[in-house]
Amino acid sequence: MASEAPSPPRSPPPPTSPEPELAQLRRKVEKLERELRSCKRQVREIEKLLHHTERLYQNAESNNQELRTQVEELSKILQRGRNEDNKKSDVEVQTENHAPWSISDYFYQTYYNDVSLPNKVTELSDQQDQAIETSILNSKDHLQVENDAYPGTDRTENVKYRQVDHFASNSQEPASALATEDTSLEGSSLAESLRAAAEAAVSQTGFSYDENTGLYFDHSTGFYYDSENQLYYDPSTGIYYYCDVESGRYQFHSRVDLQPYPTSSTKQSKDKKLKKKRKDPDSSATNEEKDLNSEDQKAFSVEHTSCNEEENFANMKKKAKIGIHHKNSPPKVTVPTSGNTIESPLHENISNSTSFKDEKIMETDSEPEEGEITDSQTEDSYDEAITSEGNVTAEDSEDEDEDKIWPPCIRVIVIRSPVLQIGSLFIITAVNPATIGREKDMEHTLRIPEVGVSKFHAEIYFDHDLQSYVLVDQGSQNGTIVNGKQILQPKTKCDPYVLEHGDEVKIGETVLSFHIHPGSDTCDGCEPGQVRAHLRLDKKDESFVGPTLSKEEKELERRKELKKIRVKYGLQNTEYEDEKTLKNPKYKDRAGKRREQVGSEGTFQRDDAPASVHSEITDSNKGRKMLEKMGWKKGEGLGKDGGGMKTPIQLQLRRTHAGLGTGKPSSFEDVHLLQNKNKKNWDKARERFTENFPETKPQKDDPGTMPWVKGTLE
């Protein structure tokens, strides 16, 4: 058998191809391409959404613009409808041959810059006289009423007077009066005819001349016009206004003090009118026409004034509240104009006219017939119509004017007091003066029952000359401190001290904070809740950050508290008595006698051997007796079946002041008997004694007291 041929050698393995790496790269590229496509798709969707939102925004803008135009058109239509319902017409009365005033000729443009009154007052009065003369000449034939405005002038420079339809609707009586006047003019002189024609021409402007006051009364606004000073006076508030041509509104000029204040009856009537205004706001227009008609029947003489300030009389109803309170007789008024004062006899004349009207009312105070309209009814209806006119903007403007007219109130907050609650609020108004004192029967506004407060300590009232609240100390015993300064001397009635916002007044031990705000405005410092919350926070901080007391200070505090307790129970004059009961002669100590006669046995003997894990418990042991009664026998384990532990628990010693697990415990046998410090000292003393006195022998220990060690038995 031939030998087998050797097998050919194995070929080396082929080299690894780079295909797997290319495949991985291709997969990564495909994955990135897919992500890129998804990102592009998301970008396209976002662009579509953006275009869609832009279209929606454009549509919304166009819709809003259309709605704005529609609202403007509807508002114009509504305004025209209201004008038609009110039957008002625009009438422009030309009373001058020359061009109207320009802004540069306006009197009040340089009013506050000049020290004295400008010379234009006389020029304006001359122009008014010329205007009246031209109106008289034109009224000889017929009254020329032009409906076209002056050419080439601004709308604000034209003198417009809105004539309400009620001048013609209820004009039966004035028409008959004019007819009688025309018949009487035929036989009268030329001067009387010219005067009557002038009055008839000016009557259409809404002004009537009051002979008693020498001023012109406007029925549309309720103001008196002073032609000399070119000011408008509101008798209900005592404010002088001037007409601003640029804004077309009445601007505040000055104010006079009205004394006395309105009575309670007038306040009640105002409240009733405000209630009517809230209940029936829709009937304002009808009431306005009705009451204006009733007022126009009482107009008896008119003068025409052709100045640009009379342009917006009807709009003034929305700027200031009109009330027929000019029947009250205020004092004589001086109007301040840039340093000089212009005396105006307005209030004297008004008082004379009111007295004349009151006499007339008393004369005709008879029982009215059915359907007859009295003067009081017309005045009340006119006042109700004026107060009921306007909208929310008018009410806001009235509130602002009232806030400016009436002085603010004082909100008094108790900051610190031993008798009053901290954070209490007291309100002081300008109507009645406020008093501060201790007496209970005097009905003080702010009563402080302290010893350091006088019966009538101080008074606070509103000074109309200074236009501020003042504090007057009534000669108190301890005086008054304002802002930490003793400005009010004790026992002397001092001069009035002007109070300002934020002043702190200390009366006795009570500290008061005065807050003065216009209207109903408040701050955090005059709100009782805010003040008490801050005080509570301060108390908490003080309790947490209290100072640490030393040993001596604590002892002083203890003695102080002990004295308080003695004073509380009436023991401040008695000393401390120890065993007061035993010292009582009637007390018998029976327990002491029994101890002396019978004595007492200790259940625990001091010579008992201590327990040990190496010695057996004796039969007299209480624990062993208890176990035997329960069924335990010597040599058995514990438990019901006797399978419990038989050996005692080993004693383990640990280091002092060390917790469990800190170190390895040691048994009792490994620890030597350590002698305490006292025994060591005695041993040292014995050694010294034996060295000094060797002939004496130390006493041996008592053989009965042997230490218990391992292996010892009883």
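A Cβ is built for glycine as well, from the same backbone N, Cα and C atoms used for every other residue.
Residue-level annotations in Swiss-Prot identify, among Ser7, Ser329, Ser7 as phosphoserine. For the residues Ser344, Ser417, the entry in Swiss-Prot flags phosphoserine at a single position: Ser344. Of the listed residues (Lys664, Lys697), Swiss-Prot tags Lys664 with N6-acetyllysine; the rest carry no such note in the record, though that does not show they lack it.
Look at the compositional bias 'Basic and acidic residues' (680-690): DSSP puts its residues at 11 helix, 0 strand, 0 coil. Within 10 Å of the C-beta atom of Lys664 (N6-acetyllysine) sit 8 other C-beta atoms, taking all shown protein chains into account.
When DSSP labels each residue, the domain 'FHA' (434-487) comes out as 0 helix, 25 strand, 29 coil, counted as helix, strand and coil in that order.
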